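Colleague: Heads up, here are the entries from TrEMBL:
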DOMAIN    B:12-441  domain 'TRAP C4-dicarboxylate transport system permease DctM subunit'
TRANSMEM  B:5-21  transmembrane segment
TRANSMEM  B:27-46  transmembrane segment
TRANSMEM  B:58-81  transmembrane segment
TRANSMEM  B:101-120  transmembrane segment
TRANSMEM  B:141-169  transmembrane segment
TRANSMEM  B:175-202  transmembrane segment
TRANSMEM  B:223-243  transmembrane segment
TRANSMEM  B:249-267  transmembrane segment
TRANSMEM  B:312-334  transmembrane segment
TRANSMEM  B:341-360  transmembrane segment
TRANSMEM  B:380-405  transmembrane segment
TRANSMEM  B:425-446  transmembrane segment
Amino acid sequence: MSMQVKEEGGGRFGPLHTLITVWALAGGALIALVVVVNVLSVAGSALWRPFPGDFEITEMGVAVAASMFLPYCQLNHCNVTADIFTAGLPPRWVAALSALASLVALGFSLLLLTRMYAGMLDQKAYSYTTAILQLPHWMAYAVFLVSLFLLAIAAVMTFLGNVRDARA
Amino acid sequence: MTQPLLIGLAGLGVLVFLIAIRMPIAYAMILVGGVGVTLLNGPAIFMSQLKTLAYGQFSVYDLSVVPMFVLMGALATRAGLSQDLFRAANAWLGWLRGGTAMAAIAACAGFGSVCGSSLATASTMGRVALPELARYRYSGALATGTLAAGGVLGILIPPSVVLVIYAVIVEANIVTMFMAALLPGLIAVVFFILTIAIYVLVRPDAGPRGSAGERAEFIAATKGIVPVLVIFGLVIGGIYAGLYNPTPAAAVGVFLVAVFGIFRGKLDRAGVKGSLLETAGTTGMIYLILLGAEMLKIFMSRAGVPQATAEWMAHSGLAPMTVLLLLLLALVVLGCLMDSLSMILLVIPFFWPVLVEVNGGLYQTADAAGFGMSTEDLKIWFGILALIVVELGLITPPVGMNVFVISSMAKDTPMSETFKGVMPFFAAELVRVALLVAFPMITLWLPKVLGG
Amino acid sequence: AQEFTFKLHHFLGQQAPAQTDMLEPWARQVEQNSGGRVKIEIFPNMTLGGRPPELIQQARDGVVDLVWTLNGYTPGLFPRTEVFELPFVFVNDPKAANLAMREMFESDLKEEYKGVEVMFLHAHAGQAIQTRDKLVRQPSDLKGLKMRIPTRTGAWVIEALGAAPAAMPVPELPQALQKGVVDGAFIPWEIIPALKIQDQTKYQIEGHDQTRFGTSIFQVSMNKARWDALPPEIQKAFRDASDEAWLAKAGDTWRAIDERGIKVAVAAGNEHITLTPEETNAFQAALEPVVYRWIGEVKGQGIDGEALVKKARELIAKHGGSN
Ligand code: NA
Ligand code: NA
């Protein structure tokens, strides 16, 4: 699982690798921000009155941050697999199966990217907002789109890595 | 059988196949869910649902505790809480035969009280305790087995990420579930320590006696558990006492651990960065599985599979207890092959309706129910039982994630030895499950007392 | 055989009164009107996927054919209809509110329901005050209390009364009450039995003559394309099942569900407080700014809120007369 982080594609992909890691760190910073909002709300609630927007900021912030983690996950093979059935296969076969998985990730990220773009237009057209702070939801969708674009790039990178391993 | 139902069942077959050929479980669910809905109702529905599904699923408020508890555990590892806990436990227990292993269990329990994941608990405590156990000449099997099993406490003792996910699926109250988990978790600690005592009674060479420490060391070491006690008290204690909901509580926990780590100089830039990236990896993995599970659920509901399973089970004429035991057995078997979170997400949506059905329906009261308890109580009781048997999967061969993690740290102990070493703990867990099945009050008592 | 099957998706459980007492009777009526050519399958509990705020989008996109949803889940989407949520626009009569909404629908509300065909809009019995241990008889009694909000206009009600609004999912309310995370909530009695609110509260408070402090609006809507493709006689089956008589009945149904709730609370030893007319008037005075706040808010969207308030009040009074 998350413990076994294997570095993928240095060299040629170095800058992309860095970009995806920085994007994940930015997501982590967003979680930290949500933490701070909640702590302030707890303190405010104890001392004076609760901060009514904490609920919405938490929902939106965590959702956006989770999307920002997806490319990092793909690149570092955090997504769980059941390895037992293929443990006996030669490494080349395993790499070929992993290449298939990378293709599914690529197809899914591109599909979801186009669909969520349509979703973002809906959110804008109907002006969906949160209840209290009236934050527009389409802004969260916009970050999702960037995350999905990076997920597609990460899937291409892992795919090329798998192909290389399958040929080795 | 109707045609949608057949498509649904075929979909489950394909899902198993994809998982078997190493497709990440999340993508296997996404693929089967998407293709399944498309086959049943045409492409338009799935395409439309994709517009909002991911954001909707990721922004569920109850899930927001997940990244926070993950971050809290990651920070706790780097803040050095694990060393303090082990040192204190060893000062208390180390002089017993097998005492250092017992201390490792106690420290795992302590770390589990601030960390929501088993793997993090196993790897963190493994790093701290394995060298010590080697120094005292513990057998490789007992040392690695102890830590692989001890890691399970990370999820059995609240906070627990898997329990949060269960609560979200069956719409249980997270606070109630955290209350229910505490007593069974403490029983696990006691059973694990007893297991070690019996183990070294049978095989005295496996776990030698340490020496009683000096009084000064005893006092200094014991002081080390104060931060963990404070953090657990404020986070889980605060949740129990109702000072705040789980999400703000988890936020307070993250904040406290971070401040403590920085204050004592253990948490530097690299430590924070590492914690954030660990949170990214684990959270991203969990949320992607959640999205996949939702897509699979849509397909299965449209095909009518959960409804049909529940109805079939309810009319099978099996006694409620038989049904429960069958479901738990299925979880143990699945646990040999899969990780706990995917399992909970994959099977609870099917198992829970079955139990509701054999209990006599959603609004059943205790007196007329199949299990002699209300559906609300059943939800709590089954959740804890499911949590335990699902977690057993972490230490059962051939796929036991905790065993893998510990084995990778103890290079000179073969994995087969670790699996051997973990078996007595597995047996202890079976005894505990039997106890909790026979006496539901052990699970339901604390929520009742604390008014959950 | 049924020629037309519809999936009706909603967010509550299958044994919730909303399904058993309203959605099922309505669906059976449509089926009967169609002479058995229509079948409506009800999917409770979001079983067809997504979260409650996504329901309206699901209807628009044809993910499902019909939805029952709470307008308040998607604040900003139905600003005109929101006028009926306002305190002392909605006073005490869900039946009158339902009929008034129907009368204003074509002329004033329809444009915000693009992409769906509304079968009917309805209100619940209205927000009342339920507190752990604080007796509330005048607006100043609420000062400083933490109250759970129902909707965005509900948050304004709470702020206008000097209380602090707290947002949380409804299922968390009992625990939050028990532990004092909140001191109370603005919700109808109808919620009481399902969440066992009576165990966590001491007081249930409403105004004179069942006056409430705003309400929530719900809709049953169909995907527009699906609707447009239906033959006239099938459309008629739906329309006839959603006529004035039905809306009046729906009002009575929600009133009845609500009464069941307060009976449970009183039987459990809670005190049911009905404010005097004078006390009720004090609340009306304190809540008048909420109406102005709303008018100012929707002005930004080019909506003449003042006219809507006036019209809604007149129509509610008119239909209330026929009570
Ligand atoms: Na834990
Ligand atoms: Na296993």
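Placement of Cβ uses the backbone N, Cα and C atoms for every residue, glycine included.
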Colleague: Cβ under 8 Å, sequence separation of at least 6 from the ends of the transmembrane segment (B:58-81): give me the contacting residues as numbers and ranges.
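Modeller: Counting only partners 6 or more residues beyond its ends, the transmembrane segment (B:58-81) has Cβ contacts under 8 Å with 111, 114-117, 120-121, 124, 154, 159, 161, 164-165, 167-168, 174, 227-228, 235, 246-247, 249-251, 253-254, 257-258, 260-261, 264, 266-267, 271-272, 274-276, 278-279, 282-283, 286-287, 290-291.
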Colleague: Look over the recorded stretches B:27-46, B:312-334, B:341-360, B:380-405 and say which has the most C-beta pairs under 8 A to the transmembrane segment (B:141-169).
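Modeller: Selected stretch: B:380-405, with the most Cβ pairs under 8 Å.
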Colleague: So, taking each listed stretch (B:223-243, B:380-405, B:425-446) in turn and counting its Cβ pairs to the transmembrane segment (B:175-202) that are under 8 angstroms, which one gives the highest count?
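Modeller: Top-ranked stretch among B:223-243, B:380-405, B:425-446: B:425-446.
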Colleague: Taking residues 6+ outside the transmembrane segment (B:341-360), which of them lie with a CB under 8 Å of any CB in it?
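Modeller: Non-local partners: 25-26, 29, 161-162, 165-166, 169-170, 286, 289-290, 292-293, 296-297, 300, 305-307, 309-311, 313-314, 318, 320, 323-324, 327, 330-331, 334-335, 368-371, 373, 375, 378-379, 382, 386, 390, 393.
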Colleague: List, by number or range, the same-chain residues at least 6 past the transmembrane segment (B:5-21) whose CB is under 8 A from its CB atoms?
Modeller: 27-29, 31-32, 35-36, 39-40, 296, 299-300, 302-305, 308, 338
Colleague: The domain 'TRAP C4-dicarboxylate transport system permease DctM subunit' (B:12-441): mean pLDDT?
Modeller: 90
